[in-house]
Amino acid sequence: MSKQQQTQFINPETPGYVGFANLPNQVHRKSVKKGFEFTLMVVGESGLGKSTLINSLFLTDLYPERVIPGAAEKIERTVQIEASTVEIEERGVKLRLTVVDTPGYGDAINCRDCFKTIICYIDEQFERYLHDESGLNRRHIIDNRVHCCFYFISPFGHGLKPLDVAFMKAIHNKVNIVPVIAKADTLTLKERERLKKRILDEIEEHNIKIYHLPDAESDEDEDFKEQTRLLKASIPFSVVGSNQLIEAKGKKVRGRLYPWGVVEVENPEHNDFLKLRTMLITHMQDLQEVTQDLHYENFRSERLKRGGRKVENEDMNKDQILLEKEAELRRMQEMIARMQAQMQLQLQGGDGDSGVHGQHV
């Protein structure tokens, strides 16, 4: 056997080495070849810069034909669901990113109806995945379940509005919520910290379940542990988005130009944009796992229970019909038996009358 042929196999002369230590590399290659899927929902009132932030996060334009509605249109406007999918490739790794936007949220006078549209969409994706998972061909299931929801909070209030509380409580058992303070450049650093604390206190007060970053494993390096600690401390993330390149300190940066200076989007000293993007990228797998193991399983269990109750009710109805038919048969049999008994009595009575008359004669 030639040397080239021998190199195709695990070297038998390596003591104590079987070769399954290479399995993670196989999984990695397979995952890279298949690509990744992720669905991000963005919810918040109009004018908070949601579209700009999403374009900034992924360096792409997901809304090239978006038209901003006027004030008159907003009054009559109902919430819509707009899903945009884009294929992003970076260093050979493909990501199929779907961003679900909800234009019209919070614009109507009665905002309760907008909850139903968004909740129905989340449930529909669960229902579709359950249907595909239960089918015969399960090799190419497209996962459109909502893995994460960026909920945008206005920086102009003093915390959460009643609408914010009601909506987050309505969806927190269905999707991973990441609270985001929009337009952080309208706040001073002290105002930003006060608003963050106020929002966290209100989230705890109202028992709202937001996405909690998992603790770093003990065997992780110190840099990753410190990164995890900083990300946790930054929730809710206060962000600035911009698609404009401006010159600052002799270099081109994405940011916003003001008379008093420049706010750089990707400067961690100016806002939490980089932290938000780092959180999303480094915890994308965990967000998918929580969606699968917690939110989807809860939906699936409830759905199967409802289906089970439906089947049980159908069985009960069938049993009831059988019992009614059996009762009807018994009534008919009893009626026939009574008729036969009456006929028998009549026959016996006729014979008796003949015997009596014969004695008198």
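Even glycines carry a Cβ here, placed using N, Cα and C.
What Swiss-Prot records for 44-51, Thr78, Gly104, 183-191, Gly241, Arg256 is GTP binding site. Its own atom aside, the Cβ of Thr188 (GTP binding site) has 8 Cβ atoms within 10 angstroms in the protein chains shown.
The domain 'Septin-type G' annotation in Swiss-Prot covers 34-306.
As annotated by Swiss-Prot, phosphotyrosine applies to Tyr17 (among others).
Annotation source Swiss-Prot lists N6-acetyllysine at Lys190. For Lys190 (N6-acetyllysine), other Cβ atoms within 10 Å of its Cβ number 8. Annotation note: Lys190 (N6-acetyllysine) sits in a helical segment as assigned by DSSP.
Counting only residues at least six positions away in the same chain, the Cβ atoms of Cys148, Asn176, Ile177, Val178, Leu287, Val290 sit under 8 Å from the Cβ of Tyr211 (phosphotyrosine). DSSP assigns Tyr211 (phosphotyrosine) to coil, not to a helix or a strand. Taken from Swiss-Prot, the feature phosphotyrosine covers Tyr211 (among others).
The region 'G1 motif' annotation in Swiss-Prot covers 44-51 and is backed by sequence analysis. DSSP states for the region 'G1 motif' (44-51), grouped as helix (H, G, I), strand (E, B) and coil, give 2 helix, 0 strand, 6 coil.
What Swiss-Prot records for 101-104 is region 'G3 motif'. In the region 'G3 motif' (101-104), helix, strand and coil residues by DSSP number 0 helix, 1 strand, 3 coil.
As annotated by Swiss-Prot, region 'G4 motif' applies to 182-185, with the evidence given as sequence analysis. Away from its own ends, the region 'G4 motif' (182-185) comes close to residues 44, 48-50, 53, 152-155, 192, 238-240, 256, 258, 263, 270-272 of its chain (Cβ-Cβ under 8 Å, at least six residues beyond either end).
What Swiss-Prot records for 260-270 is region 'Important for dimerization'. Computed over the region 'Important for dimerization' (260-270), the whole-number mean pLDDT of the model equals 82.
Under the DSSP three-state reduction, Asp185 (GTP binding site) is assigned to helix. Least crowded of the binding-site residues (Asp185, Glu191), judged by neighbouring Cβ atoms within 10 Å of its own Cβ: Glu191.
The number of other Cβ atoms within 10 Å of the Cβ belonging to Gly104 (GTP binding site), over all protein chains shown, comes to 22. Across the structure, Gly104 (GTP binding site) and Lys190 (N6-acetyllysine) place their CA atoms 32 angstrom apart.
According to DSSP, the secondary structure content of the region 'Important for dimerization' (260-270) in residues is 0 helix, 4 strand, 7 coil. For Gly47 (GTP binding site), no same-chain residue lying six or more positions away in sequence has a CB closer than 8 A to its CB.
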